[in-house]
Amino acid sequence: MTLVDRDFQGAAGDAGTKDLASVQDTAGAERPLIELRQVSKTFGTVKALQDLEVSIRPGELVTVVGPSGCGKSTLFNILAGLEEPDPGNILRLKGVSSAASDLLGKVSFMPQRDLLLPWRNVIDNAILALEIEGMPRAEARKLAMDMLPEFGLAGFEAQYPNQLSGGMRQRVALMRTFLFKRDLMLLDEPFGALDALTRTMMQRWLLDVWQKHKRTVLFITHDVDEAIFLGDRVLVMTARPGRIKLEQVVELPRPRKANIVTSLEFISLKKTLLEAIEEESMKSFQVAGH
Amino acid sequence: MSGTATLAANLPVVSTGRIGVVLRPVLWLLLALVVVEAVVVVFGIRTYYLPRPSVIASTIMATPGAYLAGLWRTFLETALGFVAGSMFGVVMAVVFHRWQTLRELFFPLFIVSQTIPVIAFGAVVVLWFGNTLFAKAVISFYISFLPVTVNTMLGFSAVDPRQVQLMRSFGASDAQILRRLYLPAALPQLFVALKLASSLALVGAIVGEWFGDTTGLGVLLLQAMYNENVAGIWATIVVSACLGMGLYGAVSYAERRIVFWGGEQ
């Protein structure tokens with residue numbers, strides 16, 4: 001509890017550099033946007049998650065790292081409402097107890113692959129979620145057209161996914177997620193498939209867009225640099241069954257410049273996190289070896 | 001330079017693709033006709049076995065009205081059966097996709113239905129519906145719906161489950177997922193089946209006419225056979241082939257227009 005409190009003040013202090021509205025926003029929201037307590041998930045004989053505890057406050061960007069197969073994707077599927085955790089869990093959305101299925105349509109979810117529809121052009125892919133919500137196409141397209149420049153897609157609205165590069169496809173997918181305006185955005189390794197250079201560009205760009213739009217984000221990655229560079233907090237998950245092993249507050253000032261990754265602070269954070277991850281990776285390795 | 005190269009690489013694919021679809025088979029056909037004509041003349045093959053293409057052509061030109069009327073009638077039967085069969089095929093694929101139980105109960109029956117030879121079935125249909133255009137369309141329908149159902153189901157099963165999950169996370173209903181994801185995703189597979197079904201529907205219509213009718217390509221074929229009018233038989237075969245190619249070409253054209261993204265998923 002103390003950790004959470006301290007951490008909260010840290011976030012509020014951080015917000016001091018942002019505009020006034022967001023300070024009030026953060027200060028007013030004493031309860032977390034979403035809260036998971038004692039969440040477990042079993043698939044047959046495999047325990048993917050055990051007594052997982054996560055809480056995310058409005059406006060936070062929380063990153064999650066962990067060894068492969070630690071149940072990160074299961075956590076995401078629960079938060080997206082696609083999977084129900086084992087009974088006995090506590091799941092609160094804005095303080096209201098909910099079942100995972102209540103979250104369907106309440107969270108904007110971006111999976112690892114862009115999953116663009118090949119028969120829809122950039123604009124129509126971006127407005128997919130809006131269309132499903134029942135917004136008239138013309139209106140949705142207009143909304144999306146205004147967002148194109150910010151996503152580096154101006155002039156590409158009529159292109160089809162097979163005409164786009166990997167980075168652009170990913171930006172279309174992100175735009176689709178942004179247009180589906182929900183309190184919580186879940187990003188599951190969105191840049192995992194991109195080359196290193198494109199990835200750093202996308203990270204910086206994501207921070208810009210996030211700061212402008214003030215959205216709450218949970219971001220899964222296997223890249224520690226990415227987790228620190230983006231996050232207000234980094235959660236390290238244990239090997240299966242997944243729990244939160246370490247909750248690391250990142251107090252690097254925002255806006256973060258690209259060269260922050262070489263700062264001493266960054267490197268000491270990276271050291272702590274890598275040690276924690278290494279320990280867990282070894283465990284899952286040994287389990288696999290048996 | 002590289003810009004023009006990509007342009008050049010992009011444009012002709014589209015243009016030759018469209019014109020080529022129509023032109024290339026026609027050119028091959030003409031060439032084949034010339035070769036056949038030459039072979040028949042050089043080896044002195046009797047008309048009874050294989051008439052010269054020019055004789056076939058003049059047979060058609062002697063009574064073009066009869067062939068046109070037959071063509072039109074058979075086309076109507078085929079088109080009616082094909083369209084109804086395709087729609088039924090897609091609807092059944094959706095039903096089997098939505099309701100697993102129905103699929104387990106009835107899909108085997110679908111397969112069994114196709115093991116009944118269309119000849120045996122045709123007699124019953126003509127008894128039920130009489131010597132009508134509708135009866136022939138029913139036979140075309142019967143012979144063409146199964147490949148459509150099977151391929152559409154194949155297309156459905158190839159849909160990425162993560163794509164479905166994404167749609168669900170947007171709060172999409174089953175109907176929305178069907179319309180915006182499953183149906184378009186199945187289009188490439190569906191068109192493979194439609195091309196097959198268009199040929200099958202024509203077979204159904206011609207065979208259907210053998211059970212009794214007064215106009216149609218099947219009727220012309222029977223009449224020519226009973227009269228040992230070999231040139232007439234071949235003339236009907238040629239007209240049927242034109243109809244078959246026309247149908248296939250029309251479906252292919254639609255495929256190129258609709259499934260512009262190819263099989264890419």
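Along the chain as shown, the residues are counted starting at 1.
Backbone N, Cα and C atoms are what each Cβ position is placed from, and that goes for glycine too.
Taken from TrEMBL, the feature domain 'ABC transmembrane type-1' covers B:71-249.
Positions annotated as transmembrane segment by TrEMBL: B:26-48 (among others).
The transmembrane segment feature in TrEMBL is assigned to B:78-96 (among others). Residues 102-103, 106-107, 110, 133-134, 136-150, 152-153, 156, 178, 182, 186, 190, 193-194, 197-198, 201-202, 204-205, 243, 247 of the same chain sit 6 or more residues outside the transmembrane segment (B:78-96) yet have a Cβ under 8 Å from a Cβ within it.
Per TrEMBL, the feature transmembrane segment maps to B:105-129 (among others). Outside the transmembrane segment (B:105-129), and at least 6 residues removed from its termini, the chain residues within Cβ reach (under 8 Å) are 92, 96, 135, 138-139, 142-143, 146, 149, 203-204, 207-208, 210-212.
According to TrEMBL, the feature transmembrane segment maps to B:141-160 (among others).
Long-range contacts of the transmembrane segment (B:181-211) within its own chain (CB-CB distance under 8 A, at least 6 residues past either end) are made by residues 74, 77-79, 81-82, 85-86, 89-90, 93-94, 97, 118-119, 122-123, 125-126, 131, 135-145, 147-148, 150-152, 154-156, 158-159, 163-164, 167, 217-219, 221-222, 240, 243-244, 247-248, 250-252, 254-255, 258-259, 262-263, 265. The feature transmembrane segment is assigned by TrEMBL to B:181-211 (among others).
What TrEMBL records for B:231-251 (among others) is transmembrane segment.
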Notebook entry, point to check: Apart from its near flanks, which chain residues at least 6 from the ends of the transmembrane segment (B:231-251) lie with a Cβ under 8 angstroms of it?
Noted result: 21-22, 25, 47, 50-51, 55-56, 59-60, 67, 70-71, 74-75, 78-79, 82, 191, 194-195, 198-199, 201-202, 206, 217, 220-221, 223-225
